[in-house]
Amino acid sequence: MGFPRILSKNNKIYTKLGEFCLSGDSFWIVCHTCQEELQTQDQFWKHIQDEHNFLHGVAKEHSRTSSYCLTDVEAAAAATTPGATASSQGAGSVTAVTVPLALYHCSAKYSDDEQREVELHEAHQQQQQQQQQQLHQQQQQQQRDAAKELAELHANAVAAAAAVAAASDGSARSSSGIDIKVEPATLALPPDMQAAAAAAAAANATIYHLPQLVPAPAPPPTASFVSASGGSTSTTVSTTPPSHQPIMQQQQHQQQQQQQQQTSTTLAMSVNQSTAIAAAALLTGPDLPKDSNSTTASAGSAVSSDDGERWYICDYESCGLKFKYKSRMELHRVVHSKERRFNCDLCSASFKQSCNLSTHRKKKHAMRGIKSELLPQRF
């Protein structure tokens, strides 16, 4: 099991902590500290760890009740093997170990001062535990009291709400013309319950702020509804006055319509002003030059040759180049203008022709693409 053992002459194995006893088929281990017999090595190892605080060959703390000391072991060895000492003396330098080895030397007794300190420490720990238990019990009691108070307040609020509802029902019945006397429910309640009911009623009360409305004149009675059945005619005239709620709704609707009309008129006025300013700016603007930067060919630039083919001539100053297609001439006129329609999507460079843009992309950005990908900028 990881600890040293020595074989003696009487077929017993002695260790620092226990004695392995073999007798026929039976096997047990006797602990040197407490003389307890154990059946297996695992039980013995667990016993010395749990009972005697022995871990990995080192004893951390010596037990007070232990009587296992080096002097006791030597006395027991001298009593059991009296011839061992003589044989060892006759052999000279050779010594035979036949007694169990003591793990450590134990002190004779604990001093009274140490025992008192230990007792005081234990008493202090017990006192702290008792104080903690008392505090815990007090906290639990406070929580229970708070829960009870909340339950009582809830019950009082429910009772007050029921009383207010009953009082409102009674007032409604009395206003309807039925003479029913309802005694307030707060008469049978104690003073504290009455105060809680009054507070709940004040909290539940709702104040409605109604706008001051000018009373409208009474409308004329509605037209009579005539229903003819056969030869008899019955006329029913309804003289029920309209309620105040439809009047309020109509007035609110009229106010909303007026506000919408005002906002629409202000918007229309602002739009008219802006359009008038823009038109005046266009009318008073400078005259455009004759040689504009437009890329479209005029109708007079198309000329027919002697062989019947139609040519498009550039009419920019003294250029005079001829093109077979109108689109080619439009692309050519960009050269004369300052317009740069082809912009690089990777930098801020712009060019007049797509071929220049493709060359720029190949040289500067190492990009190759077809001409259809180079789209001019649209204004």
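Positions of Cβ are set from backbone N, Cα and C atoms, glycine also.
Pulled from Swiss-Prot:
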ZN_FING   29-52  zinc finger
COMPBIAS  114-124  compositional bias 'Basic and acidic residues'
REGION    114-148  region 'Disordered'
COMPBIAS  125-143  compositional bias 'Low complexity'
REGION    221-267  region 'Disordered'
COMPBIAS  223-242  compositional bias 'Low complexity'
COMPBIAS  249-262  compositional bias 'Low complexity'
ZN_FING   312-336  zinc finger
ZN_FING   342-365  zinc finger
Within-chain partners of the compositional bias 'Low complexity' (125-143) [C-beta distance under 8 Å, separation at least 6 from its ends]: none
Integer mean pLDDT for the zinc finger (342-365): 87
Helix, strand and coil totals (DSSP H, G, I; E, B; other) for the zinc finger (342-365): 11 helix, 4 strand, 9 coil
Counts by DSSP class (helix H/G/I, strand E/B, coil) across the compositional bias 'Low complexity' (249-262): 14 helix, 0 strand, 0 coil
The compositional bias 'Low complexity' (125-143): DSSP-derived helix, strand, coil residue counts: 19 helix, 0 strand, 0 coil
